[in-house]
């Protein structure tokens with residue numbers, strides 16, 4: 001019995017009931033459409049063609065650090081995801097929840113055919129979170145977010161983190177010589193989790209790190225061209241002017 005069959009055996013009724021409920025009622029997403037973590041969740045919702053209600057949290061005014069938002073996430077960070085009585089924060093936990101509940105709908109974002117494929121998927125999700133994201137997030141902050149707030153980019157930090165990111169991308173280049181995507185030959189949460197920072201960095205000088213590696217460049221071109229991701233980045237359609245459920 002493979003991993004997916006075991007999960008279904010353990011939670012068959014919960015999963016079916018949960019999926020039906022969400023298709024009817026939709027979800028609530030508290031966040032900011034320009035936030036990398038919020039966009040990560042929106043991308044999964046669009047890949048799964050799911051209904052959701054966007055609720056704007058005004059980061060500029062510090063709304064996320066005050067009540068009532070802190071009652072949703074005591075760490076004061078976006079996004080927060082509401083599914084009835086279930087309230088989740090941490091974007092990667094949210095994406096996995098959605099991908100599992102709706103595993104039979106839309107894009108198959110989990111590779112659970114065997115213990116090995118499940119472990120490989122999990123390994124690459126950890127690599128994204130602990131190897132790629134730290135330097136990528138710092139580079140996004142320095143080159144994209146700070147200028148928005150009128151703050152000066154620290155070029156020393158940029159240089160240091162580009163050097164770290166280069167080492168990560170060298171490993172990615174080698175991996176992508178063997179596989180179309182990072183976890184396997186199909187698009188999964190692993191690739192999706194990279195999208196928010198990559199999208200912002202493509203508008204900065206750091207873009208060169210992705211472009212000078214042929215396999216990485218091809219991978220980036222493919223994942224950033226997905227329709228679900230384009231929708232997640234279109235804040236007018238996916239957030240501000242989105243019809244309420």
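Glycine is no exception: its Cβ is also placed from the backbone N, Cα and C atoms.
Feature annotations, reproduced from Swiss-Prot:
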DOMAIN    25-106  domain 'GST N-terminal'
BINDING   35, 36, 64, 65, 77, 78, 90, 91  glutathione binding site
DOMAIN    114-244  domain 'GST C-terminal'
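Counting other CB atoms no more than 10 Å from each candidate's CB, the binding-site residues 64, 65 peak at 64. Under 8 Å, Cβ to Cβ, and six or more positions away along its own chain, residue 36 (glutathione binding site) finds 137, 140, 196, 197, 200. Spatially close to residue 77 (glutathione binding site) yet at least six residues away along the chain are 37, 64, 89, judged by Cβ distances under 8 angstroms.
Within 10 Å of the Cβ of residue 91 (glutathione binding site) there are 25 other Cβ atoms, across all protein chains. Cβ neighbour count for residue 35 (glutathione binding site) (all protein chains, 10 Å cutoff from its Cβ): 20. Neighbour list (residue 90 (glutathione binding site), Cβ cut-off 8 Å, at least 6 residues apart, same chain): empty. Less than 8 angstroms from the CB of residue 78 (glutathione binding site) sit 30, 31, 32, 35, 37, 38, 57, 59, 64, each of them six or more residues away in the same chain.
Among the record's glutathione binders, 35, 36, 64, 65, 77, 78, 90, 91, no two C-alpha atoms are more than 18 Å apart, and one pair sits at exactly that spread. Taking H, G and I as helix, E and B as strand and the rest as coil, DSSP gives the domain 'GST N-terminal' (25-106) the counts 34 helix, 18 strand, 30 coil.
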